[in-house]
Structures are given as structure tokens and as C-alpha cells.
Amino acid sequence: MIMTRIHFLVATATLVFAFSLAYASDPSPLQDFCVAIDDPKAGVFVNGKFCKDPKLATANDFFYSGLNIPGNTSNPVGSYVTPVNVAQLAGLNTLGISLARIDFAPYGLNPPHIHPRATEILVVLEGTLYVGFVTSNTDNKLFTKVLYPGDVFVFPKGLIHFQFNGGKSNAVALAGLSSQNPGVITIANAVFGSKPPISVDVLTKAFQVDKKVIDYLQAQFWWDNN
């Protein structure tokens, strides 16, 4: 009986310790990277933004105006993203949410991209959008849907996704994101428009195409639509 109780206590203590480890984690990154330094005099950045003294905060710190203004879609991809993250609205700092308006010209595209730090939920306000995302390796399964005004679609964190206006009229959508600074990596821009360029040897091998194709793609102007 005594040994049974000892075994029970040991097992309980082990479970408590395991659960404490499971719930302990580092804070989520709020920028692409945050390199550690030993000498703070060399320049200090924090994971996110410094916080204002709460006593000095005003209503304007939690206010943004202008999301009713359409973005300029006169660009090669025919779309424009108007973000409202911590860079535009300081009061979002530490709150873990942000917002964006996306405008689409007829046949405009928000190109395949990822948000490394956020899940996205999209609601269509005007027009129709063909949207989708692709799951991770090895399935690479494509989920797509045609959305109409009032429809909602969610793009899981870190997965490649896109929105395309296949109609003859403008379209508008609002996106909510689960980070104050979700980040965006447009796939074509990152792969073919990096500075300096990724080695042609790497890209010809990765895409299994001729060097001329890679040279052509790297010579293009890769538009940032926000």
C-alpha cells in the first residue's frame, strides 16, 4: 500500500512537471528576427514595441481613420492592401490583432503569400473573390472557394494563400489577423526578387527549369501591393 502511494505521488509529480513544461514557451516573435547582443550600448530593439507610460496614453493612441478610402489598384497585380497593424495604430501593441482592407480591380490578384505570424480571416464586402490556400508538405492540398458579399473564409497561419477577383467590377474585402504585426511574404517577390538574388543554380534545380526562365523571372519588377 505504501509503495502504491509512493508510485502515485511520483506519477502525479511527473505529470505536473510535464504539464508545466507543455505550457511554458518563449514569446511569439513579432518581427522576422531578434538577434541577441551582449552589449546593450550597441543598439537595443525589443520583440515588438516599447510601451508608453499608461498615464500618458490618449484616445488617439487607439484610433485610426481612413479605412473607408479605396486603395490604388493601378499596379501590375491590380490589388492594394491597406494595413492597420501596430505600425499604423500604436494601441494594438501587445494585443495580438490587426486589420487590413484589400481592394481589387477587375481581375486583380492578391498574389500567393504567407503571414508568418498570423492566421487570417477574410470577409468580402463588395464583388466576388476566388480564394484559396495550400496545405504544407507532403500533401500540398488546395482548398478554394468563391466568396460573395458577406461570406467569410479563414487562412491558417503560415500557409500559402491568395485572393483573386475574377469579375468585371471592383471587389473589396476586410481581413482580420491574429498578430499586431503579422508580416507578409509574397512568394514570387521573395524567390525571384530577393536582394541580392538567389543563385540561379539553386532556382533552376528547385523549379526544374532552364536558366533562361530563371533569368527572365529575376529580371521582372516584383510589385509590393501594400
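Just so you know, glycine gets a Cβ as well, placed from its N, Cα and C.
Residues or ranges marked as oxalate binding site by TrEMBL: Asn110, His115, Glu120. The Cβ of Glu120 (oxalate binding site) lies under 8 Å from the Cβ of Val154, Phe155, His161, Ala175, Gly176, Leu177, Ser178, Pro182, each on the same chain and at least six residues away in sequence.
All protein chains included, His113 (Mn(2+) binding site) registers 21 other Cβ atoms within 10 Å of its own Cβ. Annotated Mn(2+) binding site per TrEMBL: His113, His115, Glu120, His161, in sequence order.
Look at TrEMBL and you will find Cys34-Cys51 tagged as disulfide bond. Cβ neighbour count for Cys34 (disulfide bond): 13 (other Cβ atoms within 10 Å of its Cβ, all protein chains included).
Per-residue confidence over the domain 'Cupin type-1' (65-215) averages out at a pLDDT of 97. TrEMBL lists 65-215 with the feature domain 'Cupin type-1'.
Look at TrEMBL and you will find 1-24 tagged as signal peptide.
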